[in-house]
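Enquirer: Relevant sequence annotations retrieved from TrEMBL are reproduced here:
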- 1-95: domain 'HIG1' (DOMAIN)
- 30-48: transmembrane segment (TRANSMEM)
- 68-86: transmembrane segment (TRANSMEM)
Amino acid sequence: MSSGQDPVFREYETDSSQTSKLLRKFKETPFVPIGMAGFVAVVGYGLYRLKHRGNMKMSLHLIHMRVAAQGFVVGALTCGVLYSMFREHLLKPKE
């Protein structure tokens, strides 16, 4: 960016560290880190259960694990969208 131009997204360029940007983004959308943590938890549990799957085929176990992880992430994102709609439309004071 040349020095003669004003930055387009000034609030994004004022933060100097990646950590502060990440924390600000998590505060704006709290259900994204919840979805990410749930995904990691489901995958971790699935990998733990991989040893004790009995006579279940590996492909079937991996399919179940993938569906559970995707379901948790989609559910968390859906809750996030509903929460943001609630916050913007119902809690917003009428003008």
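Each Cβ is built from the backbone N, Cα and C atoms, and glycine gets one as well.
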Enquirer: So how many of the residues in the domain 'HIG1' (1-95) end up helix, strand or coil by DSSP?
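Expert: For that range the per-state counts are 68 helix, 0 strand, 27 coil.
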Enquirer: Should anything in the same chain at least six residues away from the transmembrane segment (30-48) have a Cβ under 8 Å from its Cβ atoms, list it; otherwise answer none.
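Expert: Sequence-remote neighbours of the transmembrane segment (30-48) are 61-62, 64-65, 68-69, 72-73, 75-77, 79-80, 83.
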Enquirer: What parts of the chain pack near the transmembrane segment (68-86), using Cβ distances under 8 Å and only residues at least 6 beyond its ends?
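Expert: Residues packing against the transmembrane segment (68-86) from afar: 29-32, 34-36, 38-39, 41-43, 46.
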